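Enquirer: Sequence annotations record features per position, and here Swiss-Prot assigns N-acetylcysteine to Cys2. If you look up Swiss-Prot, you'll see Asp3 marked as N-acetylaspartate. Taken from Swiss-Prot, the feature methionine (R)-sulfoxide covers Met46, Met49, and the record attributes it to similarity to another entry. Among the features that Swiss-Prot reports, tele-methylhistidine is placed at His75, with the record citing similarity to another entry. Annotation comment: Swiss-Prot describes Lys86 as N6-methyllysine.
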Amino acid sequence: MCDEDETTALVCDNGSGLVKAGFAGDDAPRAVFPSIVGRPRHQGVMVGMGQKDSYVGDEAQSKRGILTLKYPIEHGIITNWDDMEKIWHHTFYNELRVAPEEHPTLLTEAPLNPKANREKMTQIMFETFNVPAMYVAIQAVLPLYASGRTTGIVLDSGDGVTHNVPIYEGYALPHAIMRLDLAGRDLTDYLMKILTERGYSFVTTAEREIVRDIKEKLCYVALDFENEMATAASSSSLEKSYELPDGQVITIGNERFRCPETLFQPSFIGMESAGIHETTYNSIMKCDIDIRKDLYANNVMSGGTTMYPGIADRMQKEITALAPSTMKIKIIAPPERKYSVWIGGSILASLSTFQQMWITKQEYDEAGPSIVHRKCF
């Protein structure tokens, strides 16, 4: 792994659910692992086993039966800085096996995040990890780089937060950004709830991970929700079975599409918000009338929560219903969209024109953490 050029930039996309990390210029992240820190629930009794007081990522996932799992990033905002530091440490030293003090580092964050969040990120990077330079990029702008466009509206939906960001000729239009704190983790929680109605009980943080897996493997978005509900009620054609880790098999039917339907009808989980089709439409309507046509024709989807089968067709149908009747509407859902934020970051950090954008250690020492608002927008 040490074949990397001395100064290759690192790209670290810290999602609420997964950390995607790697080297600028690569076409995919080297390391993808869950953003979790696990701590033992029980007292260690066997001496000399080298038990640790905390586990990060995949190791926490594999030992989840005896751990309490916590996600330090909630709704795109870092809520536990000590755990976040552990995750970054794990990323640099264990996953990428690099010395952060030798590499400029590009981090990502959700749009409309509190300012203090990015200041603290900047401070930790320079003071704890001693990076030579860093930059904080807005997550939703990056998938556009990855799809080779300069104009479009990005719907980025991950585990913690969903947002629409319209971009015209490379400029994000901040007044039209829509943020919805409803994403993959809420869908997992909702699936836990509706599976309980079926008589399957999932309660612990470890069991939530099982439900997440069920969601990722079996859920899909219905083109017509009412029709699909009727089909599910009258036949068992939509039922699928899933084997739990202990060998017990459970069957799920209409839960498969009721779960992601929440994206279009947030009232399912008691949220008073508009669905993702309406936030997309509202975001476009907040933009200048002359550029709307270009946005309608370039709806770019990104993030793990846009990976449901059927979501692009449903989105096409819903936006067509909202938009003027003659409008050409195109939904772009690239197959690699799960990682397109990272891919966009990799492209951005390796552009020659980007090199003067880095915040250097020297600039940080002179201006302090608030420099991040001046240099990263």
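Glycine residues also receive a Cβ, built from the backbone N, Cα and C atoms like all the rest.
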Enquirer: Using a 10 Å cut-off, grab the number of neighbouring Cβ atoms around the Cβ of Lys86 (N6-methyllysine), all chains included.
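Expert: Excluding its own Cβ, the number within 10 Å is 17.
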Enquirer: Can you give me the same-chain residues 6 or more apart in sequence from His75 (tele-methylhistidine) with a CB-CB distance under 8 Å?
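Expert: His75 (tele-methylhistidine) has long-range Cβ partners Ser16, Ala110, Gly160, Val161, Asp181, Ala183.
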Enquirer: Which of the three DSSP states, helix, strand or coil, fits His75 (tele-methylhistidine)?
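Expert: Where His75 (tele-methylhistidine) sits, the three-state DSSP reduction gives coil.
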